[in-house]
Amino acid sequence: MANALRLGIAGLGTVGASVVNLLAKHGDVMARKAGRAVTISAVCARDPNRDRGIDVSRLSWFTDPVEMAKSDEIDVFVELIGGDNGPAENSVRAALAAGKHVVTANKALLAKHGVELAQIAEASKVSLNYEAAVAGGIPIVKTLRESMSGNDVSRVYGILNGTCNYILTRMEAEGISFEDCLADAQRLGYAEADPTFDIEGNDTAHKLAILTSLAFGTKISADDIYMEGITSITTADIQAADELGYRIKLLGVAQRTDTGIEQRVHPTMVPKSSAIARIDGVLNAVAVDGDFVGEVVLVGPGAGGNATASSVVADIADVARGDQTPVLGMPAADLDDYTRARMRLHEGGYYIRFSVVDRPGAFAEIAKCMADGGISLESIVQRRKAVGSGVPETGAQAEPQPVILITYETTEVAVRQALDAIASKGVVSGAPQMIRIEKLS
Ligand SMILES: NC(=O)c1ccc[n+]([C@@H]2O[C@H](COP(=O)([O-])OP(=O)(O)OC[C@H]3O[C@@H](n4cnc5c(N)ncnc54)[C@H](OP(=O)(O)O)[C@@H]3O)[C@@H](O)[C@H]2O)c1
């Protein structure tokens, strides 16, 4: 057998400690499969005294990841610190420049600097592997980078954030509000103390940016992602979706169109019959539409120490075997520039919920504005509010009533113009809720 492949693991938190555990448990089997032993030579974290539940006492300890990245003691730098700048960025750059292979779980770093890092890795003739950066334990990077390389991909989409999926699943199952679900998710450790990055869609966007590049052979362009989070979703929307045959999921979608590539992250109505609609709780799922294979759907845990370590160690095994794949599926110089499809040209069906003022002709005004915009309606649901919906006393203003429209396929610009026209007529109260419907088989 060749000399053991020597690892330096930077970051011994949730993922780093699990990688150490996994290698301790399955290192031998992995070595047999890869034809080369793998050993941890050095580790790096900030606090050498913290109890991490792992034994690193016989390993070289670094507090500076850049120093470890350059060390002669290691062949592979495993970056599990996190963040798109500072120690993670500096140490990955240092490792690649020093001719070390890099394995990372860092989506933020890849989304921001992926193309440049790919160029440095190519120049140094080393691997840059990042399976764990997208959907944790699901092997979607390998699927796109290798297994589906014979396909022309038209769309890749998925549930890429377990926190959001957990919240939406519980809101539906138990009829509880977004705020209560979020508080519960935080108590149970499924959501960060500051959940903004998850619930506003940034985390999904980082992963989508990487998927887009792999699926379409374009440069990563994370700043070009249309993004809406889940904070405006109410139990009324979830209940209405249910009655209309849909479920609401936060999806990241990248799709080829006539004018470029759409990259969008937003709450989405998906037909109950679709595979993605059945993904519950903290699970993730990624679907890829390939022209020869059809639709491939991968489901699994998108986070957690052990699931993420599973992907990190698979990347290490590739290095041990000597498998080297272009970082973004093809040489970085061959990646196309990303051309953004304008969101206003997005085509699809829409769910729209209005609070309509209770006066004669209000509904007719809404229907007219939609018709004037060339928008056809598939269904209209008018509800009577249960509470406080009695006959108003003389002179009192009646409560606005919820009205839900489902449109046939139209464009984003047509819907937005119709909503503006409706608002100008004074027939609705407050901002309407608008949720895009994804066409799925
Ligand atoms: N957690 C998941 O489920 C998951 C899933 C997929 C991807 N990821 C990605 O995996 C990476 C690690 O996540 P994590 O959840 O394991 O993070 P974490 O628990 O916060 O651990 C971060 C580790 O980095 C170390 N560190 C931070 N700054 C450092 C510095 N300046 N110098 C040296 N060490 C430093 C910390 O040291 P101390 O321990 O001494 O503070 C800690 O051990 C991130 O990129 C994350 O996005 C995580």
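Every residue gets a Cβ built from N, Cα and C, even glycine.
Those TrEMBL annotations? Automatic predictions, nothing curated.
Remember, predicted model here, so these are calculated numbers, not experimental data.
Record features (TrEMBL):
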ACT_SITE  Lys207  active site, proton donor
BINDING   Ala10, Gly11, Leu12, Gly13, Thr14, Val15, Gly16, Ala17  NADP(+) binding site
BINDING   Lys107  NADPH binding site
BINDING   Glu192  L-homoserine binding site
DOMAIN    351-436  domain 'ACT'
Next item on the list: Enumerate in sequence order the recorded positions Gly13, Thr14, Lys207 whose Cβ-atom distance to ligand 1 is under 6 angstroms.
Entry: Gly13, Thr14
Check: Can you list, in sequence order, the residues of the same chain other than Ala10, Gly11, Leu12, Gly13, Thr14, Val15, Gly16, Ala17 whose CB lies within 8 Å of the CB centroid of the NADP(+) site?
Finding: Ile9, Ser18, Val19, Ala45, Leu80, Ile81
Check: Between the binding-site residues Gly11, Gly13, Gly16, where is the Cβ count within 10 Å the lowest?
Finding: Gly13
Notebook entry, point to check: Between Ala17 (NADP(+) binding site) and Lys107 (NADPH binding site), what is the CA-CA distance rounded to a whole number of Å?
Noted result: 19
Check: Taking DSSP three-state, what's Ala10 (NADP(+) binding site) in: helix, strand or coil?
Finding: strand
Item checked: Minimum Cα separation from Ala10 (NADP(+) binding site), reported as the residue among recorded positions Lys107, Glu192, Lys207 that achieves it -> Lys107
Next item on the list: Tally the residues of the domain 'ACT' (351-436) by DSSP class, grouping H, G and I as helix, E and B as strand, and everything else as coil.
Entry: 24 helix, 26 strand, 36 coil
Notebook entry, point to check: Within 10 angstroms of the C-beta of Ala17 (NADP(+) binding site), what count of other C-beta atoms is obtained when all protein chains are considered?
Noted result: 21
Margin query: I'd like to confirm something. Which of the recorded positions, Lys107, Glu192, Lys207, has a Cα closest to the Cα of Gly11 (NADP(+) binding site)?
Written below: Lys107
Check: Just checking the binding-site residues Gly13, Val15, Gly16, Lys107, Glu192: which sit within 10 A of Lys207 (active site, proton donor), CA to CA?
Finding: Lys107
